[in-house]
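Okay, structure first, notes after.
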Amino acid sequence: MKVLALRRSVAQVYADTQVYTHDDTKDDYENAFLISNLTTHNILYLNYSIKTLEILNKSGIAAVEIQSLEELFTLIRCNFTYDYEDNIIYLHDYSYYTNNEIRTDQHWVTKTDIEEYLLPGWKLTYVGYNGSDTRGHYNFSFTCQNAATDDDLIIEYIYSEVLDFQNFMLKKIKERMTTSLPIARLSNRVFRDKLFPLLSKKRQRILNIGPRNESMFTFLNFPSIKQFSNGPYLVKDTIKLKQERWLGKRVSQFDIGQYKNMMNVITTVYYYYNLYQKKPTIYMVGSAPSYWIYDVKQYSDFTFETWDPFDTPYSSMHHKELFSEKDIAKLKDDSILYIDIRTDRGNIDWKEWRKIVEAQTVSNLKLAYQYLASGKSKVCCVKMTAMDLELPISAKLLHHPTTEIRSEFYLLLDIWDISNVKRFIPKGVLYSFINNVITENVFIQPPFKIKTFKNDYIVALYALSNDFNDRTDVINLINNQKQSLITVRINNTFKDEPKVGFKNIYDWTFLPTDFNTTDTIITSYDGCLGIFGLSISLASKPTGNNHLFILNGTDKYYKLDQFANHTGISRRSHQIRFSESATSYSGYIFRDLSNNNFNLIGTNIENSVSGHVYNALIYYRYNYSFDLKRWIYLHSIEKADIEGGKYYEHAPIELIYACKSAKEFASLQDDLTVLRYANEIERYINKVYSITYADDPNYFIGIKFRHIPYKYDVKVPHLTFGVLFISDSMIPDVVKIMKNMRNELFEMDVTTSYTYMLSDGVYVANVSGVLATYFKMYNLFYKSQITFGQSRMFIPHITLSFNNNRTVRIETTKLKINSIYLRKIRGDTVFDMSE
């Protein structure tokens, strides 16, 4: 959903668009709630309130002020992520395909021959970091840039088994045009760039679990963040390999040597961060042309000092000469060294050239050892070739993708490796490594052992659901870690599957009720965005690979109506009931009938079941941005921080009724997941509320009326307005509450319209118009620890006779209250009040 705010209406008609005019009779929160439950994707919001826009954005729903038709046209035709704090819109708009172009935000790609392999007549355009160079295309009242690129497809091609780039891109673009937008992946980069600067300002130590290459630029600015990944491939791990020969396989049609070098250096930087938690100076030997340095500098400020007879245009300091052993002394501490020296073969005989390469490899390794031995805080990455070698068993082997698989690999060394045990590695084993192993991640830090860290902030985005992690350990971590942002895969199956397939692995699935947490927000991706100053125009799909975002220790926890709130709670219900259902009242009717309340007159107005809880349960796949458990808990301890809106406080019994309805709904739909979820929420309600029932009552509150429009043979026909189980010493407390509610009780709009047999031998008249007041009184009694109401649903009625009689229907008739009293069952009246 996207909300586009206008001061005046527009003449154009847009598909999937609805107009909402601000209602001045309602406050900003109520307007935001009503907007969020509209069913179209685009909302044109007229006569808007700035506060309402703020509320929507904090809820994760993109809401933007529009000043021109051009702005409106741009935003209505595509999806976007909105930084509502800095007023920046990141479009996810692939309409540039109509210009016969693909886009990249990696400069090195533009220096390759990739355009020779594009679709006929197509070109490649560089658009800068997150599309920053496209800002000049939009002369808008807000900052706007198109963050959509084809880098994901280019990188996927590099790691694929496919060689034909043109056919690969054609297939992927067609897929992109025929499937839904992977909005979370597109906006995740914006989210990470917002998240980690905010966390770093507030937190001393941050642990980040499971980063992938998509994050490799983001973390360059955060050397102190401790990363956990899948660990490195060590020299000693080659013991598992069988010897092989030279393969000579082409990986990419266009030259990706630049990519390989960039990945090697970034891997080395993160390895250095893990050891020393600070930025190094980057020395590079055999550097030309290293166009990728431009990309790294777009994200983070590094000093590059380079040596090569050819130019290295983006180096901070370039020495246009060969590097020699005597230059080692010039290299300072707190640095990394990347050695990428190799003589071009030219016309040299391959046997002669092989001798040169092997000699160069030995020389390179000697340079690396000398560099590491000469100072402190150093890491080296050195180019190697497959040959018989003695190598430190703890050295790290790297083999990032390059244009052709030949005999080249890289060795990552630290100062401890050079003094470690060395092992003889045959050439055939190194060929086996080169032929079969691709380094898929620049993060090669050790794996995370699932345990809590008392003083650290843990971030684990899409990292802990895999079934090689123990599910109980993951739950315990979330329950006990004081400060964290952790995602787990939501159980949106219908058969309550404990795990589901994802690519070539399996993920555990989770529901919010799997966790026993306090001071925690459990929400969706869009709900989480709102907490960190972002909003999004397209919410997560109800099915597929979606995640719960779990925030421990957030200062937003008590701000119940601002973050992870109830906006959009009825949207799915509205979509169904106004399109597919038997009547738009289907939900109301079902909730009453499933609780044995058969008086459906005014069912859409006089509710006995919490619609919030009911919708949050049966449609949780659509509205899990609403943190239901937090909502229940904060109400139970009376610490819900409500800033505004039309606020109705539910009685705890209304929540129980909602669970009962949801369970019956789930049974009819054969939805085992909702069935379990509703059962667990009901248990949670009973846990946090101390609900007691007057199933064996000794007092009741009665209401007598001036006139009953039916024949009756009981002595005093009355409405039993609830029963109580109290000691005589509690009577003054009950009377006090009755007196405090005097005006509301006498002002009830009580009506009746028919009679019926409540049970065999009990003939009654229906009563409408009292439930809202009943539940308000229930709440007051509950807070005073007075047992009021029974476990079965309260069905308001007036007993007319204890004989069987036929049903009588009359015009709806108002009943005028004569008196309201408290009376002991089979005893005397102890309190009476008249109007």
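From the backbone N, Cα and C atoms, a Cβ is placed for every residue, glycine too.
Per Swiss-Prot, the features are as follows:
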{"type": "ACT_SITE", "residues": "His718", "note": "active site, for 2'-5'-phosphodiesterase activity"}
{"type": "ACT_SITE", "residues": "Thr720", "note": "active site, for 2'-5'-phosphodiesterase activity"}
{"type": "ACT_SITE", "residues": "His797", "note": "active site, for 2'-5'-phosphodiesterase activity"}
{"type": "ACT_SITE", "residues": "Thr799", "note": "active site, for 2'-5'-phosphodiesterase activity"}
{"type": "REGION", "residues": "171-245", "note": "region 'N7-methyltransferase activity'"}
{"type": "REGION", "residues": "246-428", "note": "region '2'-O-methyltransferase activity'"}
{"type": "REGION", "residues": "429-555", "note": "region 'N7-methyltransferase activity'"}
{"type": "REGION", "residues": "556-692", "note": "region 'GTase/RTPase activity'"}
{"type": "REGION", "residues": "693-835", "note": "region '2'-5'-phosphodiesterase activity'"}
Cβ neighbour count (within 10 Å, all chains shown) around His718 (active site, for 2'-5'-phosphodiesterase activity): 21
Secondary structure tally of the region '2'-5'-phosphodiesterase activity' (693-835) (DSSP, helix then strand then coil): 31 helix, 57 strand, 55 coil
Stretch-averaged pLDDT - the region 'N7-methyltransferase activity' (429-555): 95
Cβ neighbours of Thr799 (active site, for 2'-5'-phosphodiesterase activity) where a neighbour is any other Cβ within 10 Å: 17
DSSP residue counts for the region 'GTase/RTPase activity' (556-692), split into helix, strand and coil: 71 helix, 0 strand, 66 coil
Helix, strand and coil counts within the region 'N7-methyltransferase activity' (171-245) (DSSP): 41 helix, 9 strand, 25 coil
Counts by DSSP class (helix H/G/I, strand E/B, coil) across the region 'N7-methyltransferase activity' (429-555): 28 helix, 34 strand, 65 coil
Pairwise Cα distance for Thr799 (active site, for 2'-5'-phosphodiesterase activity)/His718 (active site, for 2'-5'-phosphodiesterase activity) [Å, integer]: 7
Whole-number Å value for how far His797 (active site, for 2'-5'-phosphodiesterase activity) lies from His718 (active site, for 2'-5'-phosphodiesterase activity) (Cα to Cα): 8
Cα-to-Cα gap, His797 (active site, for 2'-5'-phosphodiesterase activity) vs Thr720 (active site, for 2'-5'-phosphodiesterase activity), nearest whole Å: 7
Listed in sequence order, residues with CB under 8 A of Thr720 (active site, for 2'-5'-phosphodiesterase activity) and six or more positions away: Phe700, Ile701, Gly702
